[in-house]
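So the structure is just underneath, and the comments pick up after that.
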Amino acid sequence: MNRGDVHERQVVKFERPPPLDGGLELKRLQIGYRTWGRLNRAGNNAVLVCPALTGSADVDEWWSGLLGPGKALDPEREFIVCADVLGGCGLTSGPPLDGSGEAFPSVTVRAMVDAQRLLLDHLGVNTLRLVIGGSLGGMQALEWAVSHPERVDAAAVIAAPARQTAWARAFNHVQRRALELDDSLDLARMVAMISYRHWDNLNPRFDASDPEDPTGGWLDHHGRALTERFDRNAYLRLAEAMDNHDIGPGRGDTVSALRATEVPTLLVGITTDLLYPPAELETIAAEMPDAELATLDAPHGHDAFLIKQDALNRLVTDFRCRRKLPYRLSCCQGVR
Ligand SMILES: CC(=O)SCCNC(=O)CCNC(=O)[C@H](O)C(C)(C)COP(=O)(O)OP(=O)(O)OC[C@H]1O[C@@H](n2cnc3c(N)ncnc32)[C@H](O)[C@@H]1OP(=O)(O)O
Ligand SMILES: N[C@@H](CCO)C(=O)O
């Protein structure tokens, strides 16, 4: 069943799974996931896509610019897998699904990777041709490259750090305070939205002298929209996971962990990213033995990885073609 062209959401349940990172013991682990394309007999043509904070397994909804025939994630040639994130509010174990709400245990990025590994084992995936993600998804992709290099042919880390930064923590702190005052996700999302954008995105779009305040209206819109589609406790758990993200512990330190990771890795920095500026990605690239740095030139800020999809698709495709990774596309011709 896992070897066909399955597109709809599926669920796998692990009774008494092994403890996940951080001593996370769940009586039952459920993972909701989607796949595109077919897994080959050797189990070595898979690509794992890791979602960002409020993302889901529905890659076709939020990364359609990268998913499709001839694109960076090509289901005609590869088996694309994406799961709802552990601790979130999809069909993978998390506060709402588990029913434990606030009592759902802390989750780390490494635990997210542990859960994804169980899923890949279940599907018969041996090695990944690529693991890719932006923001929280980029943290997961980097953690994969560091913790399971033997299973990863290449990684693409977009707009994410190797270790959470004080600056990004500051935004999460204010969001937690907002959630203490009011259970609704409105205010937290509005704060987050400011960190996801840039003045080059908002200034040309909204007239600051307009008495109807389109900037405020836009923020209100996003606050309301998240409240309708997301869960407060899941949000808190995922923000906590981002705040605790560090590939270093247990591996010397962050720099030692990067230096020991030989997986070919593409690091994409977004020119206007105020949350994880390009300098973060440059630092990672400087330490990894086989890293390539690329720049996504966009006025949108951090969220450009969701908005400038054609340009991102080109960066990822070019990386894969240039590295002659086990990947053949007509668009590879001419890439050196
Ligand atoms: C990566 C993952 O894993 S998935 C998570 C990605 N998805 C999300 O984050 C969902 C939330 N959406 C967004 O953040 C953004 O819409 C993006 C990143 C997907 C796209 O960004 P942009 O193209 O800049 O869109 P923008 O931020 O303007 O949002 C458009 C929405 O704002 C509304 N809007 C724009 N201006 C205003 C305004 N002045 N007042 C009120 N509403 C406004 C639009 O009507 C539109 O509403 P809709 O989404 O309900 O159709
Ligand atoms: N805006 C995206 C990315 C945040 O890093 C999200 O809501 O998941």
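Counting starts with 1 at the first residue shown.
Yeah, the Cβs are placed from backbone N, Cα and C, and that goes for glycine too.
If you look up TrEMBL, you'll see S135 marked as active site, nucleophile. Taken from TrEMBL, the feature active site covers D273, H302. The feature substrate binding site is assigned by TrEMBL to R189, D303. Residues annotated as domain 'AB hydrolase-1' in TrEMBL: 45-306.
Location within the structure of each feature annotated in TrEMBL.
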residue: S135; record: active site, nucleophile; DSSP (3 states): coil
residue: R189; record: substrate binding site; DSSP (3 states): helix
residue: D273; record: active site; DSSP (3 states): coil
residue: H302; record: active site; DSSP (3 states): coil
Cβ neighbours of R189 (substrate binding site) where a neighbour is any other Cβ within 10 Å: 24
Annotated recorded positions S135, R189, D273, D303, filtered by Cβ under 6 Å to ligand 2: S135, D303
Could you tell me which of the recorded positions R189, D273, D303 have their C-beta within a distance under 6 angstroms of some atom of ligand 1? D303
Candidates S135, R189, H302, D303 (recorded positions) - the one closest to D273 (active site) by CA: H302
Among all the protein chains here, how many other CB atoms are within 10 A of the CB of D273 (active site)? 29
For S135 (active site, nucleophile) and H302 (active site), the CA-to-CA distance in whole Å is 8
Recorded positions listed as S135, H302, D303, least Cβ neighbours within 10 Å: D303
R189 (substrate binding site) to H302 (active site), Cα to Cα, whole Å, comes out at 14
